[in-house]
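Copied over from Swiss-Prot:
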ACT_SITE  C113  active site, cysteine persulfide intermediate
BINDING   F251, C252, R253, N254, G255, R256  Mo-bis(molybdopterin guanine dinucleotide) binding site
Amino acid sequence: MEYHSHTVVTERKVTLLEQGQASDLTDYVANEVRVALVYNGISHTVMLASPENLEEFAIGFTLSERIVSHVNEIKGVDLEFTPEGVLIQVEITQRCFMALKQLRRNMAGRTGCGLCGVAQLEEAVKPVIRVDSDARFNIDHLQFALEQVKDNQHHFKLTGATHAAMGLDLEGQIIAAYEDIGRHIALDKLIGGCSMRHAKRPVAVLLTSRASFEMVQKAASANIQILFAMSAVTSLALELAEKSNITLIGFCRNGRATLYTHGYRLLGLNRASLAKAI
């Protein structure tokens, strides 16, 4: 198998086993690379990611992890592809760097869980951020957004191995979409991409994955007010969404969805049926 660290998908010869028969064919595998984030010359964490849109990832991660509070506090991002993986050098303001050093967090090896590698349990709980409340979204547009998902999952079509985070406008049009083997990294890429170059800010975000605690935490850090998930919602995610004033909707598929928190942002529904969710 020929592999290049900067490619997202690798073509490979495989053998399909089906009903007792073996057939040789060509398949596609999602590439997974080690990505090291270094802030002002100091190593911070190593993660596993799809090797594309890594500048967006670095910016989104830096924002969603509250290493900086504004994109202007990120002074530069440099990528270096090596045989071992990708080294991302992020330069932040001295004030932010000093605050980062004081966190004393050991995040090495974090791959898919927002709590992995945290030295003390109490350090896993960050102060709750309450998002703004001005966003509104007509629920009728959700189905339109879902119909666009397949066309915005190019790597998933080939490999079946990636998650996607997609930004929606008021009409349910997908205006930005990012894929990654890690669902939280896909969201970081979306957050970073929408923070760069004066990109249009989405009204809502649609995840192809479940909505876990970390996904809601990242959404709150980015002031994402409406979060749709095509899969399930976890208990801690629900609790955090309630406290953070985030409208959280899960199981968005086949013309149905389950509303968990803050339904007042959704238009086009029978308001009486939302009494317990508002």
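All positions are counted from 1 along the displayed chain.
Each Cβ is built from the backbone N, Cα and C atoms, and glycine gets one as well.
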Spatial neighbours of R253 (Mo-bis(molybdopterin guanine dinucleotide) binding site) that are distant in sequence (at least 6 apart) but have CB under 8 A: L146, M230
C-beta crowding around R256 (Mo-bis(molybdopterin guanine dinucleotide) binding site), within 10 angstroms: 9
Binding-site residues (F251, N254, G255), the one with most neighbouring Cβ atoms at 10 Å: F251
Extra residues within 8 Å (Cβ to Cβ centroid of F251, C252, R253, N254, G255, R256), Mo-bis(molybdopterin guanine dinucleotide): L146, M230, A257
Cβ neighbours within the same chain of C252 (Mo-bis(molybdopterin guanine dinucleotide) binding site) - under 8 Å, at least six residues apart: L142, L146, L206, F228, A229, M230
